[in-house]
Amino acid sequence: MKSLLAATLMLAISTPAFANDPAQLSDTEIAHVAYVADTIDIRYAHLALAISTTPEIHEFAKTMIRDHEAVNAAALELLAKLGAEAQDNFLSQKLASDSEEIINRLSQLRGAEFDRAYAENELGYHQAVNNLVETAFIPNIDHPEVKALFEQGLEIFKAHEGHAEMMVKAVQ
Amino acid sequence: MDRRTFVRGALGGALIPLSPGPIAAQGELREVSIRNFVYEPETLAVKPGDQIRFTNHDLAPHTATADDGSWDTGTLEKGQSVELTVTEEWTGDYFCAHHPAMTAKLIIG
């Protein structure tokens, strides 16, 4: 299953014709994208817990929920400390709308077909998000504490990418 | 069943310091820091009776869990520590139950 979201994210950072440039987002808009991206993966994980019966998929999904919730909590705490609010933007909205399509597709699958689709989507999604965070967001974040949080988040998501790669091989 | 599925049973992630067993807790206090998805140090020599303080400095929750399930810190949130006392039943290879690529080793002598 190709990741529609991965395609959206790759397009966002690589195509000059893309009208809105992720690198031009403000810190609070970037924070909103990150929050939405975390929340999307948490939703995918809950879907996996509901549909899959494979232990490796369940353990991975629980880790996604645990880790993405930790990052979101830290982001909200930082924003509160800074007296700021995350700002909705074109990329947050696109990610959210595209994720609905993926959830619809995944929710119609069962058994090994679901496991493969979920694992492949997770790998593609994390690859794309990591690329976006590393190349478009972190270099352009102004506030040092926001940058530091994204650097910590990137480390976590790279571990997820590696874990997803293991999972793809395990469910083939 | 491989080690990664074996150990996530009844403990449910709770912080459970193991009882000292037949060896009284008279050994040294050793430190293992979890930082950037790495256990520091990755190899640590210990003996029965030593206490090991595991501290998670990462934003992501981690565990330190013996490959054979003989000991487990449970889930450590950022900033949390737990002290475990090494017993003769312990084995040395361990990993993070949430992030299985994280591995380290105790040399128990």
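Glycine is treated like the rest: Cβ placed from N, Cα and C.
Database features, via TrEMBL:
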{"type": "DOMAIN", "residues": "B:25-108", "note": "domain 'EfeO-type cupredoxin-like'"}
{"type": "BINDING", "residues": "B:His62, B:Cys96, B:His99", "note": "Cu cation binding site"}
Give the three-state DSSP assignment (helix, strand or coil) for B:His62 (Cu cation binding site). strand
May I have the DSSP-based helix, strand and coil counts for the residues of the domain 'EfeO-type cupredoxin-like' (B:25-108)? 0 helix, 39 strand, 45 coil
Across every protein chain in view, the count of C-beta atoms other than its own within 10 A of the C-beta of B:His99 (Cu cation binding site) is 22
Which are the residues of the chain, B:His62, B:Cys96, B:His99 excluded, whose CB is within 8 A of where the CB atoms of the Cu cation site average out, their centroid? B:Ile34, B:Phe37, B:Ala60, B:Pro61, B:Thr63, B:Phe95, B:Ala97, B:His98, B:Pro100, B:Met102
For chain A, which of the binding-site residues B:His62, B:Cys96, B:His99 fall under 8 Å by Cβ? B:His99
On average, what pLDDT score does this prediction assign to the domain 'EfeO-type cupredoxin-like' (B:25-108)? 96
For B:His62 (Cu cation binding site), write down the residues of its own chain that are at least 6 apart in sequence and whose Cβ falls under 8 Å from its Cβ; none is a fine answer. B:Ile34, B:Phe37, B:Asn56, B:Thr75, B:Leu76, B:Cys96, B:His98, B:His99, B:Met102
How many neighbouring Cβ atoms, not counting its own, are there within 10 Å of the Cβ of B:Cys96 (Cu cation binding site)? 27
